[in-house]
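For reference, Swiss-Prot has these:
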{"type": "BINDING", "residues": "13-21, 31-38, 60-64, 118-121", "note": "GTP binding site"}
{"type": "MOTIF", "residues": "35-43", "note": "motif 'Effector region'"}
{"type": "LIPID", "residues": "Cys158", "note": "S-palmitoyl cysteine"}
{"type": "MOD_RES", "residues": "Cys195", "note": "cysteine methyl ester"}
{"type": "LIPID", "residues": "Cys195", "note": "S-geranylgeranyl cysteine"}
Amino acid sequence: MSASRFIKCVTVGDGAVGKTCLLISYTSNTFPTDYVPTVFDNFSANVIVDGNTINLGLWDTAGQEDYNRLRPLSYRGADVFLLAFSLVSKASYENVSKKWVPELRHYAPGVPIILVGTKLDLRDDKQFFAEHPGAVPISTAQGEELKKLIGAPAYIECSAKTQQNVKAVFDAAIKVVLQPPKNKKKKKRKSQKGCSIL
């Protein structure tokens, strides 16, 4: 096995979309039953990927506007962002492109973003929608469309409660850092065209 590599993974997104629950579900295989606003301590875990040891540093951020000035301090040195929205909150879905992507591109240009749809277990929950008449479910197609719009390399829907696809979210984050998309070659070819002054 090779020496371990550190990857800093930062979660961002609106308040109450399930960022902290996603991290707790991944790191402890449990789901907190009460809403706990961002109390997840920064966490570090060794993960084996393709025979390589990865030291995965997980950073949680608060989505509420009160933290707009402090939150970007967490972005320094980030290797990848998990940008989360709730699959039962149209506002959080819309804020991905309105608020979060501009903020991330400003403070951390070039850092890849994995788009994450949370609360998958609630999307088909009739009781949830009966109790929340204003809630609008976000379809997989809408998530894929948003992924293309923001240029994210991956879009994953998950449920921290049932743990469905939770590991896949973090696997995708690690993979995009270890094997970045190969679109830089095209740019190099364009820049190789010379300029002649006669």
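Note: Cβ is positioned from N, Cα and C throughout, glycine not excepted.
Sequence-distant neighbours of Asp34 (GTP binding site) (same chain, 6+ residues apart, CB-CB distance under 8 A): none.
Note: the CA-CA distance between Val17 (GTP binding site) and Cys158 (S-palmitoyl cysteine) rounds to 12 Å. The Cβ of Gly63 (GTP binding site) lies under 8 Å from the Cβ of Val12, Gly13, Asp14, Gly15, Ala16, Val17, Lys19, each on the same chain and at least six residues away in sequence. A distance of 11 Å separates the Cα atom of the residue listed as 'S-palmitoyl cysteine' from that of Cys21 (GTP binding site). In the structure as shown, the Cβ atom of Leu120 (GTP binding site) sits within 10 Å of 22 other Cβ atoms. The Cβ neighbour count for Cys158 (S-palmitoyl cysteine), using a 10 Å radius over every protein chain in view, is 26.
Around the Cβ of Val17 (GTP binding site), a 10 Å sphere holds 27 further Cβ atoms from the protein chains shown.
Long-range Cβ proximity for Cys21 (GTP binding site), meaning a same-chain Cβ under 8 A and a gap of 6 or more residues, is found for Phe31, Pro32, Thr118, Ala160, Lys161.
The number of other Cβ atoms within 10 Å of the Cβ belonging to Gly13 (GTP binding site), over all protein chains shown, comes to 26.
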